[in-house]
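*Asks:* What TrEMBL shows for this protein is this:
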- A:63-179: domain 'ABC3 transporter permease C-terminal' (DOMAIN)
- A:561-664: domain 'ABC3 transporter permease C-terminal' (DOMAIN)
- A:21-40: transmembrane segment (TRANSMEM)
- A:60-78: transmembrane segment (TRANSMEM)
- A:107-130: transmembrane segment (TRANSMEM)
- A:161-188: transmembrane segment (TRANSMEM)
- A:200-217: transmembrane segment (TRANSMEM)
- A:229-255: transmembrane segment (TRANSMEM)
- A:286-311: transmembrane segment (TRANSMEM)
- A:556-577: transmembrane segment (TRANSMEM)
- A:611-633: transmembrane segment (TRANSMEM)
- A:639-666: transmembrane segment (TRANSMEM)
Amino acid sequence: MKTLFYPKLAWDGIRKNRRLVFPYMLTCICMISMFYILLFLGSPSTGELLPRGGTTAMQVMILGSFVIAVFSVIFLYYTNSFLIRRRAGEFGLYNVLGMGKRNLAKIITFETLITSGISIVVGILVGIVISKLAELGLVKMLGGQISYDIRIEWKSVYITVLFYLVIFAVIWFSSIIRVGVSSAVSLLKSEKAGEKAPKANWLLGLGGAVILAIAYYKAVSIVSPLDAIMVFFVAVIMVIIATYLLMIAGSVLLCRILQKNKKYYYNPKHFVSVSSLVYRMKRNGAGLASIAIIATMVLVMISTASCMWFGSQDMIDDRYPADINFVFRFDKSELMTEENMAYLRQAFEDYRAENDSTTTTVIDLPYMEMSGSEEDNNTINFDKSDIDAFNVSSMREVCFIPMQTYNEATNQNIALDDGEALVFSSKGAKEYDTINLTVDGKSRTYKCVNPGTEEIFSDYYLGNIIPMISVVVSDYSDTMKFFEASANDRWYNMFTWKYSFDLNDSSMTAAEYAKGLKEAVSNALEEKSELSENCWYYYEEREYEALEYVALNGSVFFIGIVLSIVFILAAVLIIYYKQISEGYEDAGRFEVMKKVGMSKKEIKRSINSQLLVVFFIPLVFAGLHLAFAFPMISKILNLFGLFNTGLFMMTTVICFIAFAIFYAVVYKVTSNVYYNIVTDAK
Amino acid sequence: MSLLEVNNLKKVYKTRFGGQEVEALRDVNFAVEEGEYVAIMGESGSGKTTLLNILAALDKATAGRVALQGMELSGLAEKKIANFRRDNLGFVFQEFNLLDTFSIEDNIFLPLVLSGKKYSQMSEKLKPIAARLGISEILKKYPYEVSGGQKQRAAVARALITDPKIILADEPTGALDSKASDELLRLFGEVNELGQTILMVTHSAKAASCAGRVLFIKDGEVFHQIYRGDSTNQSFYQKITETLTLLTQGGNQ
């Protein structure tokens, strides 16, 4: 029976500490099963069930599994070191009772074997069961073929088991080291360590506030989406640092300032709460900051992902305004004649008639596109040498559109005088009164006429993130020639004709129609020698392209949900452990207060107010971070072709409310654990 | 009428699961007059701490009567108990029971703050007490920064600052070295001379010898009591040890 001594001791240790160990195992199980599920979804056999875009979806899933992997390592390591710290007293006692470090190591080894064994086995089993549901969900979202066969991806199982075995081995090793290097007495006392009164650190506290202010300012002051991406990562890092500084040092500082105010501090309502908060914040500052960061991360992720998913149709409609979209590019301006365009239009018309279909033209737009850099005095300079590729914020996209086209498209009859133009600014470009367009030292200046409301160009090329100015001119061919002549080999010179139409009534699908049309257009270009050499084109068929969007947005949304669950679970565990460790620490304190003359009610009120503050701090921080990140993220969403700020606002608010409710429930439940500990211990 | 009257006090503990009953106090009777300095002695397990907890209204008696200035503790509503404790009783504990989250000054202020006193009032009140107890210099420090003796004096200051009718001390010298113990006992004597009633539970004969009367508790009853009378600390100490020997050796009275 002696051989079973250590396993039994280990099992007892786990059982006695189930308040600590079970939630840890639950988290392990959840992470393991999520990891397996993502690997499973990223496997080729799942990909086969998905429509076009399946590869994208698989890549997203694999990417998600990486995120879970990295997070598992950090988080499980952190959690385990907390567990070991809490149980140091127990190990110290064993040590005092005559167990050597070697024996302690044996107990820890068996404990690790038990917890990790159960976690991995259960995790995989849960993963296998849920993976089927996840697959059905994903396939349904992306519109693939539903299969009800239960499948086990053995390769994914191997990877999962192997990966988590390695993590648990590392954790086991670090526990052994931790217990190995400390003496019995320090083990016994380690739980009592850190009773010093925290000093207010002005430098760190104020530093945190300043960094946060800068990060917030950076986030709100962004104009162009391209800046947003660059600023985003800097801002995220600054916000993380600032959150930790503020929670750890700033909170102590604030309490100290409150304590200086005698009238406020020596009030029965604040006296106990404020002074206890100092300690609470000192001990939990880092934990609360982590919760705030995780909460922010989850909120940003899920609100963005859901916005992309629910905005998919908007994105597709914006990007592909009609069923079939053709774009022609001419090498020389003189080829972009009304005659040539009419010739091509006829090719479309012939094909339509041939196939006995009806179509509606949605866009018929000739324009010239150029890139320049924004300078002072309302000037845009097109000299290539002056365009600093690194200074993207000054880059501007300028599109010239014939007045006639504009009038036809908007059913208006605007006449421009010489030197006048309609100018539309979008995507962060400024509004102009007059505009100078300069190249090679020569320039054209237009007085800007109030364009009214109609911009016909807004649907164009939303993937393009550079601020755009469209200029409607009456002397279109002159303008083309002017810039062409003096602007050889520059960044632009796109003489473009865009022709998009809906297919209303046809025996063919849009894809078949477009494919045949492509042949017809190619033939037409071949037949006209000047075009065959100097004109090229491409087309996009909406339905087909849309699948890619749905696959990407759908899998991002899906992964957003999965990762949110994992992160939220981690945050819950942090909160839970925080409550437990505080409970043990506070139990003695409240006993004293009772003796000195605080009633149970007063004690309870004081506990409540402290818990509430500690509860709200991460939520408030997460809310603030989210609010300030909002403009930045909505700019970044522009890059993905999503311009529906209202939708993003809605998903953000809904996600925040849902999160707050969930958070409140979790807090309520874990608070009960806290109350039990505080009132139990006598 | 005595300041504190205890009649036929009985306390029975039940183990949590199952009916095993432990009689901590069987039948305790005594009275404390105003201005008295009474020590209660007994071996561990004799019921001293239970008695003190009941006197402090921290625990409820199974039967019997405890009255402070004629007011019965058992008649107090749960809500009023905390107030009662704060206004009438001062506590000094073996483990000091200072809160590590407060500075020494704030620890002393705690009961007054709970009663809603203003800072200026409190600080006026603290000055003479702190001076007498020799802790004026350490008021801004935190418990972990000062010695055990200083902590205990701070606890005494916390007990005194509310002008309690009676100070209840539970093994006040238990965690102190002999020098700090002597100092504390001297302070108790001083305070008592100024008219403060003190009830101290201890099993140190030396501490008890500073009191004016010593009650001995055994098996949940007041077994014996002796008065100092005119005797010196030294001879009173002698008497106490003799009684203690009798108490441990002798069977029944």
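Cβ coordinates are placed from backbone N, Cα and C, and glycine is handled just like the others.
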*Asks:* Would you kindly list the residues that approach the transmembrane segment (A:107-130) from elsewhere in its chain, counting only those six or more residues past its ends and only Cβ-Cβ distances under 8 Å?
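*Replies:* For the transmembrane segment (A:107-130), the list is 6-7, 9-11, 13-14, 21, 24-25, 28-37, 40, 91, 94, 99, 150, 152, 157, 160-161, 164-165, 168, 171-172, 175-176, 179.
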*Asks:* Can you see whether the transmembrane segment (A:60-78) and the transmembrane segment (A:611-633) are touching - at least 3 CB pairs under 8 angstroms, only pairs 6 or more apart in sequence?
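*Replies:* These two segments do not touch.
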*Asks:* Please indicate, using numbers and ranges, the residues of the same chain that are 6 or more beyond the transmembrane segment (A:639-666) and have a C-beta under 8 Å from a C-beta there.
*Replies:* 225-226, 228-229, 295, 298-299, 302-304, 306-308, 310-311, 314-315, 318-319, 462-463, 465, 568, 572, 575, 615, 619, 622-623, 626, 630, 633
*Asks:* May I ask for the residues of the chain that lie six or more residues beyond the transmembrane segment (A:611-633) and have a Cβ under 8 Å from a Cβ within it?
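*Replies:* Tertiary neighbours of the transmembrane segment (A:611-633) are 215-216, 219-220, 222, 228, 231-232, 235, 239, 243, 246-247, 251, 273, 277, 280-281, 284, 288-289, 291-292, 295-296, 299-300, 303-304, 648-649, 652, 656, 659-660, 663-664, 667, 671, 674.
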*Asks:* Just give the helix, strand and coil counts over the domain 'ABC3 transporter permease C-terminal' (A:63-179), going by DSSP.
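*Replies:* Reading the DSSP string over the domain 'ABC3 transporter permease C-terminal' (A:63-179) gives 101 helix, 0 strand, 16 coil.
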*Asks:* Could you count the residues of the domain 'ABC3 transporter permease C-terminal' (A:561-664) that DSSP puts in helix, in strand and in coil?
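*Replies:* Counts, helix then strand then coil: 96 helix, 0 strand, 8 coil.
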